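Working notes, structure below.
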Amino acid sequence: MKEEIPVLKGKTKKELEEICVSLGLEKYRAAQIYTGIYKSRYTTIDQFTTLSKEVREKLKEHTQYPEIEIGRDLVSKEDGTRKFTFYVGENKEIEAVWIPSGDGGRKTICISSQIGCTLNCKFCATGLLEYKGNLQTWQILDQVLQVERLVGDRATNIVFMGMGEPMHNYFSVMKAAHILRDKDAFGLGALRITISTAGVTTGINRFIENKEPFNFAISLNHPNPNARSSVMDVNDKHPLEKLIDSAKRFTKELDRAITFEYVMIPDVNMGRDNAERLAKIARSVNKCKINVIPLNTDFTGWRRPTDDEVKDFVMHLKAKTTAPILNRRSPGRDINGACGMLALKGIRSETTK
Ligand code: SF4
């Protein structure tokens, strides 16, 4: 794809105005194009019938309106979760997951921010993939557009918890999040959009300084400063103490709760001492929620906890903190669509296309 030809998708209203002006079109056309892309969800330029034929022809000639290409579409027999593989270039595959079974009628799309990931969280299959770059804003938003079209429904919530570390693609991720939030575009409330990090403190601090309005989650996974690196190598560069400082700063300066995600791994981070340390962190951060998630993968030799082990860990945790604790289900496990399972299997010839 030639980069000098502007891509309409992924652009803000202001950027579309600049494109319109550069093409000799009236500035107000930008608002029509903007709502056509994100609100009306047009798939071709010809569908923008609020624009004259002449304007549409000009857009077709001088801009691009691409789509990411659908590959596999796997449906969970257990809970209706669907995992989609998309192609974003030669040998560049990403995944997005439709989770229709949330509490209170929530329908969530889990989207990717990078092709692979440079981090190596030991419980996550994505970390095993070769990293092939950041996604552009339009490729992030097109996951939502394509998934909604394929399932014939609209999402109520978006989580940036797919492939990649969102803080390593900060600009494109935040731009996408603001378009998802905008009432003239996708119109999702800011608190229906969750951005998650493995603990990149520079990104968290930037998020705070920019006073971003979105939900924010930290994938914590070990409460011990020394042992956390054995689960997540990001801890070497962004140590736990600094991460907790950033979390405290978040709740103080943005005056809202932060979420800690905690993947439970027997014999690694589920001891009573781990529960007590985690509770201590929660108390020190003050406004926070804890989502506990049983390990979904087994390629490291670690195993998934039993129900009793989970109950025990949560009981010890609850005894020491008043923070809300949610035992997160693992929708889409049977299709490798649950937390930590987004990795690409099969080859292109196996796709549904
Ligand atoms: S959990 Fe997230 S940050 Fe960690 S390796 Fe997987 S995709 Fe990357």
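Including glycine, each Cβ sits where the backbone N, Cα and C put it.
Owing to the predicted nature of the structure, the values given are computational and were not obtained by experimental measurement.
Annotated features in Swiss-Prot:
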- Glu95: active site, proton acceptor (ACT_SITE)
- 103-333: domain 'Radical SAM core' (DOMAIN)
- Cys110-Cys339: disulfide bond (DISULFID)
- Cys117, Cys121, Cys124: [4Fe-4S] cluster binding site (BINDING)
- Gly164, Glu165, Ser196, Ser219, Leu220, Asn221, Asn296: S-adenosyl-L-methionine binding site (BINDING)
- Cys339: active site, S-methylcysteine intermediate (ACT_SITE)
Checklist entry - Where does the mean pLDDT land for the domain 'Radical SAM core' (103-333)? => result 95
Next on the checklist: Run through Glu95, Cys110, Cys117, Cys121 for me and report the recorded positions whose CA is within 10 Å of the CA of Asn296 (S-adenosyl-L-methionine binding site), in sequence order.
Outcome noted: none
Item to check | Rounded to the nearest Å - Cα separation of Asn221 (S-adenosyl-L-methionine binding site) and Cys117 ([4Fe-4S] cluster binding site) | outcome: 18
Next on the checklist: I want to check the contact list for Leu220 (S-adenosyl-L-methionine binding site): same chain, sequence separation of six or more, C-beta distance under 8 angstroms. What comes out?
Outcome noted: Gly199, Leu243, Phe260, Glu261, Tyr262, Leu278, Ile281
Checklist entry - Which of Glu95, Glu165 (the recorded positions) has the most other Cβ atoms within 10 Å? => result Glu165
Checklist outcome for this item: By a 10 Å Cβ neighbour count, the lowest-scoring of the binding-site residues Ser196, Asn221 is Ser196
Checklist entry - Using a 10 Å radius around each Cβ and counting other Cβ atoms from all shown chains, which of the recorded positions Cys110, Cys121, Cys124 yields the largest count? => result Cys110
Next on the checklist: I need the nearest neighbour of Gly164 (S-adenosyl-L-methionine binding site) among the recorded positions Glu95, Cys110, Cys117, Cys121, using C-alpha distances.
Outcome noted: Cys117
Checklist entry - When you measure from the Cβ of Ser219 (S-adenosyl-L-methionine binding site), which residues in the chain that are at least 6 apart have a Cβ under 8 Å away? => result Cys121, Ser196, Thr197, Ala198, Gly199, Met232, Glu261, Val263
Item to check | For Cys124 ([4Fe-4S] cluster binding site), the one of Glu95, Glu165, Cys339 that lies nearest, given that the recorded positions are compared by Cα | outcome: Cys339
